[in-house]
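J.: Mind looking over this structure? Questions follow.
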Amino acid sequence: MSESSGATFGGRRAVPPNTSNASENDPPTMELHGLVPRGFNRQDYLNVTGVHLFKERWDSNKVDHHTDKYSNNKLIVRRGQSFYIQIDFNRPYNPRRDLFRVEYVIGRYPQENKGTYIPVSVVLRADRSVRLSIQSSPDCIVGKFRMYVAVWTPYGVIRTSRNPETDTYILFNPWCEEDAVYLDNEKEREEYVLNDIGVIFYGDFSDIKSRSWSYGQFEDGILDACLYVMDRAKMDLSGRGNPIKVSRVGSAMINAKDDEGVIAGSWDNVYAYGIPPSAWTGSVDILLEYRSSENPVRYGQCWVFAGVFNTFLRCLGIPARVVTNYFSAHDNNANLQLDIFLEEDGNVNSKLTKDSVWNYHCWNEAWMTRPDLPIGFGGWQVVDSTPQENSDGMYRCGPASVQAIKHGNVCFQFDAPFVFAEVNSDLVYITAKKDGTHVVETLDTTHIGKLIVTKEVGGDGIKDITDTYKFQEGQEEERLALGTALMYGAKKSLNTEGVVKSRSDVHMNFEVENAVLGRDFKVTITFRNNGPAHYTITAYLSGNITFYTGVAKAEFKNKTFDVTLEPLSFKKEEVLIQAGEYMGQLLEQAFLHFFVTARVNETKDVLAKQKSIVLTIPKVIIKVSVIYQGLRPLQIPKPISTVGSDMVVTVEFTNPLKETLKNIWIYLDGPGVTKPIRKMFQEIQPNSTVKWEEVCRPWVSGPRKLMASLTSDSLRHVYGELDLQIQRRPPM
């Protein structure tokens with residue numbers, strides 16, 4: 001069944017690479033051999049008159065395989081689990097003289113030894129209609145197979161012609177114990193495979209924020225879009241049954257850094273000819289646009305990459321979740337420490353400081369066995385599609401075993417040293433002397449990987465999974481894990497073991513009061529002297545507009561001040577931050593970063609602290625009214641609607657700023673309630689309110705969400721959501 005080729009590959013004759021699920025090479029409907037008698041008539045032999053796949057949503061094939069939620073009229077099954085088909089013949093089947101088999105074919109160059117041509121032999125007693133139970137291998141290729149029925153005659157094979165209605169999708173199967181993605185907890189399977197709405201956490205460690213995300217893995221066209229992603233990667237079909245390979249390819253293809261993948265990233269606050277990352281409410285529009293345009297979609301940042309990657313994994317059947325790491329290290333020189341270089345006056349030296357600490361960073365975890373690693377390193381694997389560092393020639397990361405990261409076994413593939421550094425690096429403050437020497441001033445072993453979270457199973461709350469990545473800070477096991485990572489080849493350029501501890505009894509900390517966008521607020525620095533000596537301190541505060549990646553855009557505030565501390569005393573210094581100082585340069589996530597350094601003049605000790613804050617941004621308000629029998633909408637406090645019934649969704653936003661907002665786009669999404677839609681407003685005057693109404697007709701029952709976002713020239717990352725309960729349509 002393979003197509004012969006006259007091409008030569010690498011000095012030998014070979015079948016061309018089979019890298020496209022969409023490409024086809026239909027086998028002949030008649031393969032006759034030898035001399036055929038003049039009176040041969042194919043109707044004299046067993047002929048197929050019909051094939052029934054039982055592919056409706058309510059049929060057992062889809063219900064038993066947990067694929068009944070897919071908006072796809074083709075048969076979708078999971079590997080390693082039986083399904084049923086029925087074949088009708090032109091006469092009763094006689095096993096003594098009739099021989100037929102079902103053939104499943106994928107790609108243009110199918111070969112049985114590659115798993116891209118799967119013959120299913122049949123030996124049974126039956127009548128004119130034959131009902132078959134077919135079960136694929138638990139390591140079968142994942143993709144869309146073409147199906148044929150081949151009947152053997154004395155003169156060759158008679159085969160059914162190509163019929164797209166019999167195409168069959170085969171997916172990973174977390175319900176099958178022999179599958180590499182088997183997950184033994186039903187509630188977790190419901191969450192990590194079947195839940196099409198998630199929660200992504202962002203913001204700051206001290207001010208955690210969340211937003212819902214529509215994964216939409218069951219929406220019309222998404223499954224084909226995910227298969228297309230692997231086709232664009234030119235991934236060999238024979239490797240598409242391996243979740244390790246599939247997740248690694250997905251990690252590279254979700255970003256467009258070097259392979260024309262799904263999403264183009266942008267971190268410079270300029271989003272010309274595209275949509276700002278904060279405006280997206282889900283993955284569906286992104287994947288469908290990529291499939292139709294065949295070009296990268298603009299623009300994304302880490303939570304967008306993670307949300308779309310989660311859709312890709314869950315759609316194919318790989319259990320997956322989005323994870324957020326607060327104070328995530330980006331270790332550019334791979335030495336497992338973040339080097340913050342200071343001038344002698346305590347200011348940060350931006351030229352020497354190449355590492356950065358992201359306020360938060362989102363990645364994914366995928367569940368699978370790791371037969372390529374020693375026993376015990378399967379389970380959750382880190383996969384990250386945000387393009388940060390090059391891995392084997394492409395911007396991708398993982399899969400890296402979470403268990404290996406926790407114990408410092410960074411020798412195991414893939415990209416474990418980089419992930420280990422993200423959650424468990426040391427923060428080192430180094431003074432760059434004018435004579436060219438570097439002096440390690442202080443070491444912070446607890447700042448990086450402060451908190452690692454994901455959405456809880458069965459709810460929208462937060463689940464702390466920090467202990468799956470690292471031992472408790474300061475414990476011997478945590479230092480041992482770091483030592484193990486260093487032993488396995490991670491370099492460390494500076495010796496931090498002998499850092500001189502503070503020679504004075506002075507301690508410093510600072511707090512930032514709750515800050516609302518467009519308003520003034522205060523920063524309070526506290527100096528405490530726990531000893532009997534008298535100290536004088538020279539301190540420096542720097543306030544910066546920063547990207548959430550920790551990279552500074554501009555300094556908007558700097559102040560130097562002197563403090564005198566009496567023995568056994570404390571003193572507070574307040575610095576007023578005025579709205580006019582930061583509003584003109586604010587970035588879309590409204591992150592402000594404060595860095596305070598202080599030098600104790602008597603002992604030359606350097607104290608350093610840094611904190612980021614997220615300004616409180618106004619929300620979009622969503623309301624729902626139900627229409628009863630064509631009457632005027634009725635506002636209800638607890639939104640309850642019925643499948644197939646109209647309801648009015650109202651989106652409202654009030655401009656709290658003293659300036660007019662211009663070029664406003666509002667986006668609305670609700671899986672199973674409405675397709676993603678958007679509306680533009682020219683401007684919103686200060687303290688003015690805009691309203692947008694849409695009539696929606698839900699088609700999915702159960703708990704649902706409506707999500708809305710707003711973006712404008714000067715205000716972004718505005719968001720709102722509303723929980724809904726959609727009831728089943730009552731029986732007639």
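In case you wondered, yes, glycine gets a Cβ from its N, Cα and C as well.
Per TrEMBL, the features are:
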| type | residues | note |
| --- | --- | --- |
| ACT_SITE | CYS302 | active site |
| ACT_SITE | HIS361 | active site |
| ACT_SITE | ASP384 | active site |
| COMPBIAS | 17-26 | compositional bias 'Polar residues' |
| DOMAIN | 294-387 | domain 'Transglutaminase-like' |
| REGION | 1-32 | region 'Disordered' |
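Give me the structural setting of these features: burial, nearby parts and distances.
T.: Sequence-distant neighbours of HIS361 (active site) (same chain, 6+ apart, CB under 8 A from its CB) are CYS302, THR324, ASN325, SER328, THR386, GLU422, THR549.
Of all the Cβ atoms in the protein chains shown, 31 others lie within 10 Å of the Cβ of ASP384 (active site).
DSSP labels the residues of the compositional bias 'Polar residues' (17-26) in these numbers: 0 helix, 0 strand, 10 coil.
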J.: Within 10 Å of the Cβ of CYS302 (active site), how many other Cβ atoms are there?
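T.: A 10 Å sphere around the Cβ of CYS302 (active site) contains 28 other Cβ atoms.
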J.: For the domain 'Transglutaminase-like' (294-387), provide the mean pLDDT of the predicted model.
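T.: Per the prediction, mean pLDDT sits at 91 for the domain 'Transglutaminase-like' (294-387).
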